[in-house]
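S.K.: Sharing a structure here in structure tokens format.
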């Protein structure tokens, strides 16, 4: 064990590089997936049948063909057609398209589950469709979609390990290098998995925070919880300023 | 460089790919799903019935499996249990990985069975075993079957991950057939289309099943 830790300490810079590659794939892939999800999700619920049909086709196509196939297509087939993309870009595109298609259903479902009265009220105030979406519907849909989005984001994090298949030096690759250096499978992959797990925990914590902020903005959570109010009271004077919008 | 679709290549690679599809991809999906469905149910019941010192660790392990990539789990298992062949390892790892998702599905399905059903079973002095078998599980299954099906499709599309432990499933077969002369266009496109052709109708059927079951 001590020997393993020494080798790990030696290889820590490479490991950090591997984590960096995984983090880039996760964050860039996640941002792309979110943008695609919003476009496809909104497209899939417009009244124009052409737009809707196109959105549905794209969604079903990228959900139905496997992530690995999409990655292989971008990495091996696209260069034959004259477009050679960087491996990282291939990974980001494949992850973004694949999980974006899944996430578009989350966006669509969340928008649809905003109560009918909200739509009618916005119409009664004669808000334009864009303003209605931006000011009334989206903030509510956003707070509904956060938990599912967080789950998908964790799926995407786990999906980044496909980069290993096209020989990118990501966290999985570095864990495998550590295995070869130490000869200890349990230690090496165990360490790699713990790092993945910790990244996933960070995602969960951020999602919880975002959800609280979103709900607080909507007035669905008290701005000051019982616990903080009690501590403020103990501290004495500061009660006045913390009322907020709750 | 322009590139055009060659039907000759297509028909050259198709038999091998279909054979790999049946022998590996489909086999892994079917057996893997069976493992996932059974292990998932066992885990869900342990979490509900077992004393905390069993339930908590089991829950913790399943959460860990759910939150880490199946690729690294495959590598871990492959190099730990070297006496087994890649396909066996792959099927078991996929099964256990997806069991962690299915356990969640069962859990919410069991939670959705109304409390009155438990009370009615108790009032009829049914044994706990009989209550589970005849009252709770049948009702829980009704809400869970479509959700389980979604995870099966998901596992189906994850079978190409088996490449990392050197299993020649369909995508690997496609890749290998093109690797000599860089003829990747036809085989890899075909692989995608085969996945689409198999998963999309299944997803449609599941949606109909969901609507039908929801009627009760």
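Using the three backbone atoms N, Cα and C, a Cβ is placed for every residue, glycine included.
Those TrEMBL annotations? Automatic predictions, nothing curated.
OK, TrEMBL features for this one:
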- A:19-207: domain 'ABC transmembrane type-1' (DOMAIN)
- A:20-42: transmembrane segment (TRANSMEM)
- A:54-75: transmembrane segment (TRANSMEM)
- A:81-102: transmembrane segment (TRANSMEM)
- A:141-166: transmembrane segment (TRANSMEM)
- A:186-210: transmembrane segment (TRANSMEM)
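Context for these features, please: burial, neighbours, distances.
M.R.: Residues 55, 58-59, 88, 91-93, 95-108, 111, 149, 152-153, 156-157, 159-161, 163, 168-172, 196, 199 of the same chain sit 6 or more residues outside the transmembrane segment (A:20-42) yet have a Cβ under 8 Å from a Cβ within it.
A Cβ distance under 8 Å defines the sequence-distant neighbours of the transmembrane segment (A:141-166), meaning residues of its chain 6+ beyond its ends; these are 21-22, 25-26, 29-30, 33-34, 67-68, 71-72, 75, 87, 90-91, 94-95, 98-99, 102-103, 106-107, 109-111, 113-114, 172-173, 176, 196, 199-200, 203-204, 206-207, 210-211, 214-215, 217-218, 220.
Cβ atoms under 8 Å from those of the transmembrane segment (A:186-210) belong to residues 1, 4, 8, 19, 22-23, 26, 146-147, 149-150, 153-154, 157-158, 171-172, 174-176, 178-179 of the same chain, restricted to positions at least 6 beyond its ends.
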